[in-house]
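Q: Below you will find the structure I want to go over with you.
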Amino acid sequence: MFIALIGVDHKTLEWTQKYLQEVHGFILLQVCCDSQKEKTANDTKYFNSTATMIDYATERWQNNFVTPSLDSSSSVDFDLFLRRPFTLLVAVETTLANMMQNMQSIGHKNGHSFTINQFADFYDTTYKARRDKISQAHINIFNPYTNEQDYISLLHSVNLLDEQRLRPNWDTYFMELADLASQRSNCMKRRVGAVLTQDKRIVSTGYNGTPKGLTNCTQGGCPRCNNGVEQGFAECLCLHAEENALLEAGRTRIGDSAVLYCNTCPCLGCAIKIVQTGIKEVVYNQAYRVDDKTAQLFENATVSCFFTNFFTLIFTIYPLLTHLNLKRPTNNLMKQPPSDKSTTDDDSTQSSDEHDNPDDPDNKDDDSEATLSESEMVGEKRKRRSGSGSRSGSGRIVEEGIIYNHDIRFISFSFNPSIELVGAATKLGLTVTSDLTSSDLIIYESCQVELTQLSHPDNSVCQHWITDSAAANTTLPICLYNLNTSYDPNAFEDPALDIQPDSTSKYACWRTHPLVSPNEELVDALRVLKQDRIARDEKWNALAYTRALSMVKSFPHRIRSKDDILLSVPASDDEEDAASAASTYKHPRTPTKPVKNIGDKKIKAKIEEWLNYGRVYEAEKIRGSDMHSIYHSLYSIQGIGPKKAFELSRSGVRSVDELVDNGKITQDDATLAQHLNNSISRDEVERIANYVMGHARSLLAHPSYAICGGFRRAKPMSNDIDIIITQHGASVAQLNHFLVALTDSLQSTGFLTKLMRQVSLCVASNRRKEDHDYQSTMLGVVESSRKFGTSEGEHPQYRRLDVIVAKPASFHLEILSWTGSVMYERDLRSYVRRHKLKLNASSVYNDTTDEELDLSLVRSERHLLRVLRLPWIAPQYRNCD
DNA sequence: TGGCCTACG
DNA sequence: CGTA
DNA sequence: GCCA
C-alpha cells in the first residue's frame, strides 16, 4: 500500500505520518532537492521527482509506503499516483482554531506572529492550491483534537490499512454501479438505480422514470410526481428501478442464484415482483419508509435481504453528531432552582464529602490505616437516600428509574468529527433539544452517542435507527451534552468531582492507557517477552513484564531518551501542559519519582537497549523462532493453554493440522479455533448484540444492557461479544429464568450453536454458607452470517458470545468488571484489597468481616468508582494490556 | 523474603 | 490447568 | 521480575 497524505495543517500531517511509520511500519518517501536531504538520517528515502518516487514504490508494491510530498506534485504525476491500484490518497484536516494555533507556535519560534488576516490569506492560498486534490481523496480525516493520543486513537479506528479501500468487494462494486444507474433516473421524486446480477455477472440494470415513449417524469410526464405532495401513489406513471431491471432481464434470464442490488430499499410492490421472479438475494444501501413491510415479505418468501450502507451512512451522519464545543446545558436544564432548604443542606454536606479526594495513591502505600471503611459506604448511602429525587449540584434530572427502565446503548464513534451540528441536524430532519426526558439520542462531546429509546416506537436499539430515521425524515429529538465519555446516561455527575488519574501510580487502574501507544514498538517487544515467559511457565516473570508494559503504555509521549522513562513526568491535569510536554521533555526535567514497575535491572536494560538500537534483541530472537510461531498457533485453540501449547510444541508438533491428523483434536475444533481467531468489526458486534437483545426483549419487559469487552474500550475490532443485561426491579429468580429462556430461544433459531458454560444465578457462595452470589453468565458460540455484517465473505462465521445477566444492584460493577482490560481489573482488585475490601464481578465485600456492601444505590460506573475512591478512566483509556 | 486478581469448571 |  |  502506498499512502499519500495531503492537507494544510502540518501537525496533523506529521501525526498521521508518524502513526503510519511507527505503528504500522510504513516507509517514508519524500521528494525534495539535494540540499534538504541532510537534515534526517533515518529510513526515509528521497527522490528528485514524484515520478521516480512512484516508480520506486511500484517496484516494491508489497511494502507499505507513505509520502507527504504529493500536494506539491504536478497534476500529471498526481494522476499517475491515483492510477496505480495500490495507492490511497488521504486528506487530513483540522479545525481552524487548531491550524491557527499550530501556525502561531511555528511563528513564535521564528520570532513573528500572525494576524487573523495573514492567517486567512495563508489558508485561502494553501487550501485553494490543494482543493482539487483534496476532492479526489479516498479518505478524508478530520482531526478535532489538540492531543496526539486522541487523534491516534481516531486514526486507528479509521483502519487505514483496510484493503477494501484499494479494491472494492463485489457488493460495493455492484452497489456503486447501482448508484451510477440511478444518475440516469428521470423521476422527480427520487433517484433510484438497480443492478441485477447472476454469478457475479451483470444481467441487467435499471433506473426509475416514466415508460419508453412517454414524456420523462422530469419534463412533467408524471402528474403525481410533479404534484409535490406525497399522495396518489396509484396514479404514478413511473416505473421503479427494480421493475426496469427485472423487465429488462426477462424471466428466463434470471437464474436461481440471482442477486439484485438496489441503492434504495425496494418498495412493497417491487418486493412482490422480486419474489415472483425467483431472485434469492436483495442488497440495498439506503433505507426507505417501507423497510419493515418489505423485510417481512422477503422473510416469508425466504429471500435474503441485506442492508449494506451502514458505514457510509454513519460517515455522513457522523459530522453532525460529534465534537462541538457546546456547553452542557446545565444552566437551563440540569440546574433546577433549589426547591427547598433540605435539598440545599443536603447538597452542601454532599459536596464537601465528594470533594474530598484521596491522597496520592503512592503515599498511601506507607499508610496502612487508610481504608475504605464500611461506615463511609453507609454514609454515602444514607445521603443518597435522604436526597432522593431532588439533590442539586449535579445529575438530578436523571434519577434512578427514568432511563434505567430503558435500553441503554453505548456507541463509540471515533470517525470524522463535526464542523457544524445544528445546521446539519436540521437538514436531516432532526430536532435539537435540551430536554433530556424527551430525547432519544444523547450526544457527548467525546464522540459517544447513546440511544435511550424513550420514544422510539418499536423499541429497537441500533444505529440503523438513527440512520433510517434520518433517511425517512422523521423527527429525532437530540440532546447535547459536553460530558467526557460514559456509557451511562445516569452518570451525569460533575466530572470536576472525579478523582483524577495519576500517570505515575503503580496501579493500572489509576492511569490512562490509550488504544495505541506512542511507543507501540516497545510495547510490542515487551509483549513478546511476556508471552515467552508465559510459555516457559515463568508466571511471575511474565507478570512483571505485563506490569512494565502497561506502565510504558500509559506513558503519554514518545520516549526518546532514557531520561524520559526513568524520570517520570510530573503529573499534570492541564491538557495544554501535557501536550506541550511533548516538545519540551527533551530538556532535562526535574527528577520526580522513578517510574514504577520498571526495575533497576532487567526491564530497564531492555528499554535502554530499545532506545539505543531501536530493537530488543531477545524479542527479535523470539519473534523469529519457529517454536514461537508454532506455540502461538497451538495456543489459539480452545482448551490448549500455555502449558499444553508449550509441551506440544516441544514434543515436535509443527502445526494444528498435525494435531488433527494425530486425532488429538477434531477438525471441528480446528475450524472453530480458526473462526474464533478472526476479529469482529464494531458493526457486527452491534448487530449481534441487537439480535440477542431482540430475543431478550421478548422475555423481559425493559431490559437494560451494555456491550462491554474490547468493544467498550473503543477497539476497532473485537475478539468476542460481551453483553451485560439486567432489568430494573427484577428478582433473582426472574433473572435466572430469563437466562435459561434466552439460551433456549437463541438455540432454537440455530443462532447459538455451542454452549461452553451456563452458570446458574444462585451459586453457593464460598464466603457465606447460607447465602448466594448472584451472577449468571452464558458463554457460547454463535453462527454469524452476512446479515450481521461478517467481513469474511459468504460463509457463516463462528463468534464467541458472552451474555452476563446481572442483578440490578450489581449492574455497574459487572460492567466495570467485563470491560477490562486484564491489567486494569487486576490492579483494581489489588488496590481495593489493600484498602480492606474485596471485589469481584458481582459484589464488594469487607475483606475482614466478609460482609457484602450494598451497591443498590450506585447509579453508574462513574459513581461506583468514586465510591471506591478510584478515578474514573474513560473506557478507551483502559487498554492497559 | 513473600506476594503478585478472582472466580468457575 | 484453562478460561473469562 | 519487581515491590515493599
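Every residue number used here counts from 1 along the chain in the order it is shown.
Using N, Cα and C of the backbone, Cβ positions are placed for all residues, glycine too.
Model, not experiment: these values are computed from the prediction.
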Q: Between the candidate ranges A:198-217, A:578-597, A:758-777, where does TrEMBL place the region 'Disordered' annotation?
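A: Matching range for region 'Disordered': A:578-597.
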Q: Summarise the model's confidence over the domain 'CMP/dCMP-type deaminase' (A:169-297) as a mean pLDDT value.
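A: Across the residues of the domain 'CMP/dCMP-type deaminase' (A:169-297) the model's pLDDT averages 83 on the 0 to 100 scale.
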Q: For A:Lys606 (active site, nucleophile), which residues of its chain lie six or more apart in sequence with Cβ-Cβ distance below 8 Å?
A: A:Ala525, A:Leu526, A:Leu529, A:Val616, A:Glu618, A:Ala619
Q: In the domain 'CMP/dCMP-type deaminase' (A:169-297), how many residues does DSSP assign to helix, to strand and to coil?
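A: Summed by class, the stretch gives 51 helix, 24 strand, 54 coil.
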